[in-house]
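Trainee: Feature table excerpt (TrEMBL):
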| type | residues | note |
| --- | --- | --- |
| COMPBIAS | 703-715 | compositional bias 'Basic and acidic residues' |
| COMPBIAS | 1050-1065 | compositional bias 'Basic and acidic residues' |
| COMPBIAS | 1129-1147 | compositional bias 'Polar residues' |
| DOMAIN | 30-124 | domain 'Ig-like' |
| DOMAIN | 132-219 | domain 'Ig-like' |
| DOMAIN | 233-323 | domain 'Ig-like' |
| DOMAIN | 326-413 | domain 'Ig-like' |
| DOMAIN | 418-506 | domain 'Ig-like' |
| DOMAIN | 511-594 | domain 'Ig-like' |
| DOMAIN | 607-702 | domain 'Fibronectin type-III' |
| DOMAIN | 707-799 | domain 'Fibronectin type-III' |
| DOMAIN | 802-905 | domain 'Fibronectin type-III' |
| DOMAIN | 909-1005 | domain 'Fibronectin type-III' |
| REGION | 687-717 | region 'Disordered' |
| REGION | 1050-1147 | region 'Disordered' |
| SIGNAL | 1-19 | signal peptide |
Amino acid sequence: MAVVLSYLWTLLLWRLGLCIQIPEHLMQPPNITEQSLERLVVFPTDEISLKCEASGKPEVQFRWTKENIHFFPEKEPGVVTHMNSGSFTITGNNSNFAQRYQGTYRCFASNRLGTAMSHEIQLVAEGAPKWPKEKVQPFEVEEGQSVVLPCNPPASAVQPRIYWMNSKIFHIAQDERVTMGQNGNLYFANVLTNDSHSDYICHAHFLGARTIMQKEPIDLRVKPTNNMIYRRPHLLLPEGLTSRLVALRGQPLVLECIAEGFPTPTIKWSYPSNQMQAGRVTYQNFNKTLRLVKVEEEDDGEYRCWAENTLGSAQHVYYVTVEAAPYWLQEPKSLVLAPGETARLNCQVQGRPRPMVTWRINGVSLENLTRDDKLRVQGGALILSNVQPNDTMVTQCEARNKHGLLLANAYIFVVQLPTKILTPDNKTYREVQGSTAHLLCNAFGVPMPSIQWLNWDQATVLQDERFVPYANGTLAIQDLQTNDTGSYFCEADNDQNRVSIQAHLQVKEATRIKKGPQNQIVKKGSNVEFSCHVSFDPSLEIQIDWYWNDQNIKDISEGDKYVLKEEELTIKNLDYTDQGNYSCVVKTALDSVEKKAMLLVVGSPGPVGQLELYKQKDFHIQLSWSPAEEHNSPIEKYNIEFEDRTMEPGTWYPLATVPGNETSTRLKLSPFIHYNFRVIANNKYGASEPSPDSEPFVTSKSVPEKNPTDVKGEGNETNNMVITWKPLKWMDWNAPELKYRVQWRQKNESEWQEAMVKASKFVVSNTPTFVPYEIKVQAVNEVGKGPDPQIVIGYSGEDVPQATPIVAVERLNATTVRIKWGPVDLNEVRGHLRGYRVTYWWVNSRWSRSKRHTPKIFIDRPSSATEAVLPDLRPYSIYGVQVQVFNGRGLGPPSETIQFHTEEGVPDRPQSLHLRRLSDTALQLSWKPPLNPNGELKGYQLLYKPINQEIEEEEIVTQFLPPTILMLNLSGLSPQALYHFQLRATTKVGPGEMITQEGSTILKSGIPTFGNISTVTSENASTIYWFPEEGQHDVTFQIWFKPLGVKDKEDTQVDSEARPMKDETFGEYSDNEEKGFGSSQPSLNGDIKPLGSDDSLADYGGSVDVQFNEDGSFIGQYSGKKEKEATGGNDSSGATSPINPTAVTLE
């Protein structure tokens, strides 16, 4: 009894899924562990092996049946059996030997606890495949028609694989036009001349027989034609409009539609289950085959295919009925029961047609057993009431229909056992917040023990709805919280005993991804970065892994493609193969979280596939191609280009643009071009690489379809006309060579003159001057002439115009006038009137008579103009103007010169304003008049006011001075004060721009200073400039000078005292003064040493003493001619020196 109890404990643990291995010394019922497939196909030389292995204690005994009759393998010749095994092997197999053992087998495994039974095993013996000898006739077909090359391999229980190859063992290329059907035949929707071959060979690979066979070669001969017939599609396979077929549940469904026609038809499908999961339906063989991966009962209905081309369509409807071999709804499970309980084994099956269900006990049908009132079959269930220990048995439930058989073994054990808990006591569980904890309490016993879970206070835990008990004793705690941490108790009892264990639970903080990777669309060649920021329980260690399409990037990383950091992933130089799902997986010992993101790599399309040409009439062809890879951005258009390798190799020209959803187009071609085509796909990211070039296509010759454009006739001499035109491009010649027929005649003449030339220019000589001609230029090749050309008007050469316009002047303001002229006689223009040239120049000012030369200015106006506006003139000036006409030859004679004057304007600012301190309350002002008074000066306006003093507005002093006054002494000024002066000139138009200056009545004491010494040197004189500091008064400067490079016989020193200048001569030196101030002259500061220096005065040829007052506004001159003149004292200076000179001229 102890042995039985131990076995049952182990058996119950096995029922609970604990995978405990049963000790060998314990009893166990028979259990089939290995058996052959339900159908075995064997070929000659194959070893035939039927397998049947089982476990059980006591030792299992095996027996076999064949066609439900006892079969004894050990008695059969050539059969090898094995100890403690039901398997056997048939050796020495050949075709006749194997036929003897064909049939349906079943294996039974028994011991004292019952009998288990295998499913039926069907053994099929097949001979070596043979391809019957046949003489294959050539297939002759006209270009554009369809043809089917048959294969017809030998029949076999295992369908062979079919390949079509040529004699060089190259596969026959298949596409939308050429394809192989499921039956192995090779179908041509339409044939081309390059399909002509004598070695189309069908190969059949028999996998079971390990044999490859080939059919006799087929010779396909295609007769070329210049009149290919366009045909609407017609279905070659299947035949008729409809067909019916049965599909089995769980098996693949394969439907195909193969059509012929010209142009090549395309295939489309529709099916009834629009809610099919993505990926279940796939299209193969260029859309000719529909494959449903795994048929379900809801998949029956209409499956429709359409074959379409530009001329029409054809269709076929498959009516599919789904049937099913038997399959389980509820499979019977083994039971362990206590005496007196009721056993119920449920056997619920489904199938189409409805399966027949039968029950067996220990391999014997219920109909062949003695009736037992405790046993009954009800609603597909086997029920055994009030079970007792001797009711232990093995049962079989078997379901069968025409598509297959389903078998299950299940046992019933009747036994009585005390409660026992296998789960270890004091086991600790660690989980994270929000998850579900499963506290185990694997208890068993017969009768089945009851289980309850208690908390630390010995109260039931089921008051909280988050605590859920399972039938196997496990306690699930959902949505864990930190306060769920603690100890829990499991108690299990039946009518024999009670036992308990304790479990401990720790709840940790859940791992979370705070910011995970985001979906991204990135251009090819770029870099992309994904981030994964996490939070986790600090007592746990984490591991962050990055995955691409469920592959760990650490396992596939090569080079520097991926840059992995703790929470970041960078992918460099993206390619299309890098797209997919990227996921961040964060793991701890207790939990794992994941966040996925989709990466799409976009870019320009992939190259277009192979091109196909179909010849049509009237310089038209049909061009088709396989679509380009979109690279996640829809194709917007296809550009079709061509190249003529004979005329311009390497240069591709655009021919057509096709919408991105089309892969075929009809092209109009030009005559006599050696076409090579290519197709380029375009999407929003750019253009693809060009497709492979098409096969060459040459169009025939034809007359020109165009004439040259931009025909012109213009003379480049007075007695000729040059006819030019834009020549036709070579692609418009329509023949190997092209000439031009040039025709011309004077307008209103009847006779045409003509010449035939190859160049794009022709010169007509000896023409009258500027006469209109009618011109025609026509393209001509060896086939004929182009269309009638249009007449173009041209002109012979021009001559210099003789027309002279009549001119008038209109004054608009002081600086602008309008010049007008009348129309001229066009006959005197002697050419095309191109326009008018207006030439004007400044003659003089009305207030002075300057003799300086000023350049002439010209303005060109179009031929339609009758006036021109002359802007930016000088006010109060005299101007001259002329107008000339011009043509392509040149300018005509000028019109009569007209002089006009401009009105007065406001004057320019005075040229200078100087201040000189006369005393503590007086200043002297001197100025120079405006360079351009722009009219008759009416006088000067002087405004002045003290600076740095708060004064009223009325303290600003204004004086009006006559135009003859250029110097003014102001008295009554404030002592020790700084003043601001403004001076401007006026005409009758108004005051002009002002000049400003500041001066003071402050007398500066101390050692006199000066600076900015510069010089201007001429051939026989030098002028020296300097600037004294303001406020210095009664200062004398002494200038020492000597010639360089000349040794004087006698040193000479000349002293000169500057004397006051008369008022009326004030300002005569202003020109020299401005030259000095306005020029950038070399400084003499570093060259002139002060008196008392180490230099001997004898080294200097002369000197000048100049008295200097504070304003620094005068120029003193000194002439040192000869030695004896220098001794003349002040008289030798040659000019009276000013009181306050800032320059001295040495001659």
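Glycine is treated like the rest: Cβ placed from N, Cα and C.
Just tell me what is around each of these and how deep it sits.
Mentor: For the compositional bias 'Basic and acidic residues' (703-715), same-chain residues at least 6 beyond its ends with a Cβ under 8 Å from one of its own Cβ atoms are 670-671, 721-728, 732-735, 738, 740, 744, 760, 764, 767, 770, 773, 775-781, 783-787, 789-790, 792-798, 888.
Averaged across the domain 'Ig-like' (30-124), pLDDT for the predicted model comes to 88.
Summarised by DSSP class, the composition of the domain 'Ig-like' (132-219) is 3 helix, 35 strand, 50 coil.
Residue counts for the domain 'Ig-like' (511-594) by DSSP state, with H, G and I taken as helix and E and B as strand, are 7 helix, 41 strand, 36 coil.
Taken through DSSP, the domain 'Fibronectin type-III' (707-799) splits into 3 helix, 45 strand, 45 coil.
Taken through DSSP, the domain 'Fibronectin type-III' (802-905) splits into 4 helix, 49 strand, 51 coil.
Per DSSP, the secondary structure of the domain 'Fibronectin type-III' (909-1005) breaks down as 3 helix, 52 strand, 42 coil.
Here the region 'Disordered' (687-717) has Cβ contacts under 8 Å with residues 604-613, 615, 619, 621, 623, 625, 628, 639, 641, 643, 645, 652, 669-681, 723-728, 732-735, 738, 740, 744, 760, 764, 767, 770, 773, 775-787, 789-790, 792-798, 888 of the same chain, all six or more residues outside its ends.
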Trainee: Report the DSSP secondary-structure composition of the domain 'Ig-like' (233-323) as helix, strand and coil residue counts.
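Mentor: Helix (H, G, I), strand (E, B), coil: 3 helix, 55 strand, 33 coil.
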